[in-house]
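Feature annotation from TrEMBL assigns active site, proton donor/acceptor to 148. Here TrEMBL flags 7, 385 as Mg(2+) binding site. Residues annotated as ATP binding site in TrEMBL: 14, 208, 209, 210, 211, 212, 283, 284, 285, 331, 332, 333, 334, 335. Taken from TrEMBL, the feature substrate binding site applies to 91. According to TrEMBL, the feature site 'Transition state stabilizer' maps to 180, 241.
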Ligand code: ADP
């Protein structure tokens with residue numbers, strides 16, 4: 001079966017076409033600047049040259065039409081006809097308490113995604129545009145939605161509730177939902193497979209550290225706590241997000257600086273984190289470079305980032321009464337040799353012993369970076385959220401046939 005995976009943002013749409021026979025990617029690409037004066041489409045067919053073009057794409061339906069025409073193009077295409085696409089899988093950020101797993105799109109599912117617009121005002125409306133765009137271009141093809149929050153629905157009440165009046169949970173569903181669930185689930189399963197151990201026997205701390213960053217405590221294969229909260233602002237220090245802070249800072253700063261709700265929200269989400277402390281960049285590569293050149297602000301930004309990460313690892317070891325495996329993934333986790341080294345150097349009390357040579361090796365495969373004697377296995381596992389979406393979509397749509 002061929003599955004088209006769509007990840008729709010408010011002005012962008014990423015896609016990958018999978019052949020589920022061997023889980024190969026036939027083509028992938030990105031439509032950027034949807035609704036702006038000149039949209040850019042980048043299409044990368046496997047084994048063929050990448051094509052990039054500027055065209056007018058005012059909304060998501062046109063974007064999907066453009067993607068389908070590229071996929072079937074005589075020169076740059078990889079399939080003979082759109083009919084070869086048997087299912088579409090969509091990434092949806094927020095599934096609230098409705099979705100603990102992926103779902104086949106129907107009227108009820110769409111209503112629920114709409115009801116969650118309040119909880120993910122930037123993301124869920126964009127996902128909905130992606131779903132509608134695929135439906136109008138491929139009305140007879142089944143659509144599946146895969147949620148970033150679903151894996152974390154297994155968290156117990158004591159982890160997902162905030163210690164605030166409970167009426168806020170009852171009335172407005174204020175609670176921890178987490179994010180990056182698709183990635184945490186994928187890398188924790190891949191880690192168990194790599195170690196050839198049943199996941200049910202393992203206590204895993206999964207560290208998804210990219211532009212956004214979150215940690216998850218995975219016990220018996222289930223998420224039991226995660227660092228992102230009701231929104232992706234809570235938890236670790238990130239590229240431009242503050243992560244944890246004293247909530248009383250918000251009204252204090254709003255008052256002193258005469259900021260509006262939107263302004264303070266933007267400050268915490270877009271102008272904080274690595275960017276605010278370094279004053280240079282939100283990109284860990286530039287921070288590391290700055291630090292190595294002796295820039296004091298970059299060094300401080302790196303140290304704060306690493307310190308907070310280590311604090312969360314310690315707290316999740318406490319939550320699970322131990323840890324067997326620590327997994328690093330996403331842009332920073334997969335690539336930053338120096339960050340992994342700094343974190344692991346200070347986890348010897350848990351029994352972590354880093355193998356510095358293994359830590360230096362770069363490969364796109366899951367690998368161990370701890371020594372043979374290390375009590376805790378430390379792994380690097382490249383994440384692949386699109387593959388999870390394609391697999392779930394394939395499974396659900398195959399189920400319809402049987
Ligand atoms: P997103 O959260 O947007 O999916 P990624 O997981 O792709 O992001 O992570 C992007 C981040 O990964 C970049 O901002 C950059 O800081 C970091 N990164 C990528 N390569 C390296 C590297 N070699 N060393 C350190 N950080 C890196």
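Cβ coordinates come from backbone N, Cα and C, glycine included.
Annotated features, which come from TrEMBL, shown on the structure.
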residue	record	Cβ within 10 Å
7	Mg(2+) binding site	22
14	ATP binding site	19
91	substrate binding site	22
180	site 'Transition state stabilizer'	30
209	ATP binding site	27
211	ATP binding site	16
241	site 'Transition state stabilizer'	26
283	ATP binding site	16
334	ATP binding site	19
385	Mg(2+) binding site	20
With every protein chain in view, what's the tally of Cβ atoms within 10 Å of the Cβ of residue 285 (ATP binding site), excluding that atom itself?
12
The correct three-state DSSP answer for residue 334 (ATP binding site) is helix
Recorded positions near residue 180 (site 'Transition state stabilizer'), in sequence order, restricted to 7, 91, 148, 241, 332, 334 and a 10 Å Cα cut-off:
148
Do any of the binding-site residues 14, 211, 385 touch ligand 1, in the sense that the CB is under 6 Å from one of its atoms?
211
Just the number: how many Å between the Cα atoms of residue 285 (ATP binding site) and residue 241 (site 'Transition state stabilizer')?
17
Taking the Cβ of residue 332 (ATP binding site) as the reference point, list residues of the same chain whose Cβ is under 8 angstroms away and which are at least six residues distant in sequence.
209, 210, 213, 284, 339
Might you list, by sequence position, any residue in that chain lying six or more from residue 148 (active site, proton donor/acceptor) with a Cβ less than 8 Å away from its Cβ?
91, 92, 93, 94, 95, 179, 180, 181, 182
For residue 14 (ATP binding site), name the DSSP secondary structure in the helix/strand/coil scheme.
strand
Candidate nearest residue 211 (ATP binding site) in space, where candidates are the recorded positions 7, 241, 385 and distance is Cα-Cα
241
Entries of 14, 241, 283, 334 which, being recorded positions, have CA atoms within 10 angstroms of residue 7 (Mg(2+) binding site):
14
Per DSSP, to which secondary structure element type does residue 91 (substrate binding site) belong, with helix, strand and coil as the options?
strand
For residue 385 (Mg(2+) binding site) and residue 334 (ATP binding site), the CA-to-CA distance in whole Å is 14
